[in-house]
Each structure stands twice: as structure tokens, then as C-alpha cells.
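A short write-up of the structure that comes next.
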Amino acid sequence: MTRECPSPTPRSGAPLSGSVLAETAVVFAVVLSIHAAVWDRYSWCAVALAVQAFYVQYKWDRLLQQGNAVFQFRMSANSGLLPASMVMPLFGLVMKERCQAAGNPFFERFGIVVAATGMAVALFSSVLALGITRPVPTNTCVILGLAGGVIIYIMKHSLSVGEVIEVLEVLLIFVYLNMILLYLLPRCFTPGEALLVLGGISFVLNQLIKRSLTLVESQGDPVDFFLLVVVVGMVLMGIFFSTLFVFMDSGTWASSIFFHLMTCVLGLGVVLPWLHRLIRRNPLLWLLQFLFQTDTRIYLLAYWSLLATLACLVVLYQNAKRSSSESKKHQAPTIARKYFHLIVVATYIPGIIFDRPLLYVAATVCLAVFIFLEYVRYFRIKPLGHTLRSLLSLFLDERDSGPLILTHIYLLLGMSLPIWLIPRPCTQKGSLGGARALVPYAGVLAVGVGDTVASIFGSTMGEIRWPGTKKTFEGTMTSIFAQIISVALILIFDSGVDLNYSYAWILGSISTVSLLEAYTTQIDNLLLPLYLLILLMA
């Protein structure tokens, strides 16, 4: 978000600054709301986790200030440990509740595993922070020990042996991914963002391995397998090429040709056979049949192609404008960057209304394309590497302080995660009534509408700043109002949405997430949709 005044601001990582305390208050409000809605031993674990994460976050912030963290993290934000630690546990809790209400015991247990995995990953990050803090903070260690002991005791008596093994597998993958990716990608993440992103990738990788090894029992939807294979395949491809190009220059034609050849080998020799084993049919034929199955899908694909062309034209126009400008501006204005938010909203709303499975698959393909193009840009792969570096440099902001440009990928993830994460077997028979009917729109509301309106109005008309931040009161209020108007429009145009008079909860959820946006220094494109998703599912 960039609705700021030009005056400098204090470092976000300042211990117990007003913005950090306000962010903490908002996160605790969400945790207590979910606790009140669920009210079982798992929700008490979530409360204990939040308490210890608050204390450990202070230690992480101090480590970042002193430069004593093991890896190089993004410096323009605080650690963000508390908001990131609570995403997976809270999502697992609300998934468990929804699937229990829908009478689906398998996904009810799966929700518990998701919550337990999120708690295990968060506790590991807390132990890591305290382990490298000198002198050792005795009081915080006691709080972490008490919270961890309660969580481990309850999970020990709630999970089966197989579920415990699954949690430990994800934790092991998370540890290795942390060591590899945080070393290869310095300054790309805060500790909280690393926890959220790498924890999610670790869980996806473990699920793919598990389903590949238990193929007889894996009778899932092909689109789910498609997402799992694409995400894991792109991550493994990045690790492979990062390791390879340590020993050779990636900017030469020979390296570029090798990159494209190896991409074809990995795609045709690993990813496609892996997907074929899971869905038990030719992946390319299945994808073509899926995309062109109905006339509606053909119309949507044509419409999305036009929007993609429009987005490319915006990039070219802004770069041409920079080239002809005498001021030699190095960054696009806030409004120019928000054009892409509006294009994404225009992309997702018709997909949610008319064909969600198609949107699910199209977003997966788009994610693969975005990540591949980022590899091309990062490794300077010919012939497009240097061109992409030049074109995208205009849209950098303070969050792109590392070697990777991730904001556009985070925007896609923020819009897509509410579509991907809906437990579809638990949403039959009208169990997505009330506020839960807006769950697929969580990304559209939080990022596409709320974040965009807040940024534009806050940067142009904002005068009253929230204490300790560069965000404005006017931007937050217009954001809430715009999201309420959007909900009213969704009710008009989407006949499948029936709110059942749950307007107070919807207003409270939107307001809470808007306040979180005002105070958080984490990647709002990723964090806000997840919190709105959790609140709406509750």
C-alpha cells in the first residue's frame, strides 16, 4: 500500500511501536472471534499460540533492528510473526467447523491437521527466534514453553499416529525450505512472510507426496491435483536452476538455451508424467477438453485474453511514458499500479459468477506463467530476460527489496487463494449460506476493491493519518464503504449468494480486515484475503 505522505517515517520494526500494537490488537480480535465461534480445545490452542507469538514477535523485531537474524530479511517492515502465525491454525479451525456441520468427517480431520501443522510451524519459528537471541529472554522462553506444552499435549491426545507423522513431515520440509530459499533469496521476505509462504509450500509438497504414494485411495478432483503438481513443479524448478546457475553464467546464450531445454525436459519428463499418474489420463488432452468444454468457457477465455492484452499495454504505455519524461521517474505512481488491481477484479468476478472450476484452473496456469517469467527475468534468460527487467522495474516499490519481484505474484495469490482453499466437499447442500457465501469473493473484496480504493483515495485526499503509520483514516473509511457497495452489487448480480441477514458479521469482518490493512507492514495482497476468508467462513 502506498497512500503515504512524502515525509519519512520511523522504522516499522521499532519495539512495541503504536502500529505494531494496533496490528496486534486487530489480530487478537480475529483470534478471539474465531475462538468464540468454535470454542473447543483447538481454539484454546490458537489463543495460546497467539499469546506466545506476540511476545516472540518483539524479539524478532529486535533481531532485525540489530541485524542479528540468521538470514537477510526484508528491512522495510517488522517481523510480522503474529499475523502470519495465526493464518494456518485459524483456517484449519474454521475448515473443521464447516466440514463438521456438513457431515464430512474426512475433511473435518483434515482441518485439524491443517491447524496442528500451522501451530507446529509457528512454534518452530518462535524457537528459532529465541535460540539466536542474546541474552536469552527468560520470560519469553517460559511463555513459549507453556504455550507449546499446552498445544503439544492437546494435539498428542487429538491426532492419530498417522496425522502426527504428517505434521512432522511438513515441519521437516519447512525447515529444509527455510534453509534453502532464505539463503538463495535474501531480503525477499519478512520472517512472517517466510513462515506463511514457505509453510504453505511445505504443506502442498507433503500433500502431493502423500497422494502420489497412496494412489489407490487418491480419488480427488483432477483440478486439485493440477494445482498441487504445478506449484511443486515450479518451486522445484526454481531450486534446480538457482543451484545450477551458481556454477555458470545465466546471462549467456548457451545458458539460456540450456534453461529452455531443461524446462521442457522437466515439464515433459517429470511434471506431465506425475500429473498423468495422479489423474489417470493424458494431462494435455484433459486440459484442452476442460478449457473448451462449454461455450461459456470459450467466451470467458476470450474475455480474459483481452484483459491480459490490456494489462500488457498498460505496462508498455507506462514505460513509454517514463522514457519520454524529462524527470526520469523510477517508479510508477500509485494509481498506475492500481490499474492492475482493477483488471484483476474484472477478471475474477465473471469467473466466480459463471464458472469457478475454470477460474480455478486458469489461475493455476497464470501462476505458473508468472513464476516462469520471473525466473526468466531473475536469471536474465535470453531473449526476454533483460526486457522484463527493464519493463517491470518501473513498478517496483519498497516491498521488492530482494532479487525477486513478487508483488504481482502475491496479487494473483491473494485473489486466487479463496477460490483454491474452499473445501468443496464441505460446501454442498447450501452449507455456504450467510456470510460464507462471500468466501469466493474474499480476494476481490479485500484486495481488488478495498486495497485499491484505500490506496487511491488515501494518497489523493487523505489528511488524517493513523497513529504510527503512513496510512490515512480517509483511505480506510472509503475502503470499507467501497467493499459494502461491492457486496450489494454481488447480491444483485450473483443469484447464488444469500446472506441470510448476516450483515453485521460481514460489516465487522470487512472493517476488521480494513483496520489490519491500515496497520500491517506485511504483504497486504497476501495477508488480507486470508484473514477475510477466515472471518467469512466462521
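Any Cβ shown, glycine's included, is placed from N, Cα and C.
Now, the feature entries from TrEMBL:
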TRANSMEM  16-34  transmembrane segment
TRANSMEM  78-95  transmembrane segment
TRANSMEM  107-130  transmembrane segment
TRANSMEM  136-155  transmembrane segment
TRANSMEM  225-248  transmembrane segment
TRANSMEM  257-276  transmembrane segment
TRANSMEM  296-317  transmembrane segment
TRANSMEM  338-354  transmembrane segment
TRANSMEM  360-380  transmembrane segment
TRANSMEM  401-421  transmembrane segment
TRANSMEM  441-461  transmembrane segment
TRANSMEM  473-493  transmembrane segment
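With a cut-off of 8 Å between Cβ atoms, the residues of this chain six or more beyond the transmembrane segment (338-354) that come close are 296, 300, 303-304, 307, 310-311, 314, 362, 408, 411-412, 415, 419, 440-441, 443-444, 447-449, 451-452, 455-456, 493-494, 496.
For the transmembrane segment (401-421), the partner stretch with the highest count of Cβ pairs under 8 angstroms, out of 16-34, 107-130, 296-317, 360-380, is 360-380. Sequence-distant neighbours of the transmembrane segment (473-493) (same chain, 6+ residues past either end, Cβ-Cβ under 8 Å): 3, 353, 438, 441, 444-446, 449-451, 453-455, 457-459, 461-466, 499, 506-507, 510-511, 514-515, 517-518.
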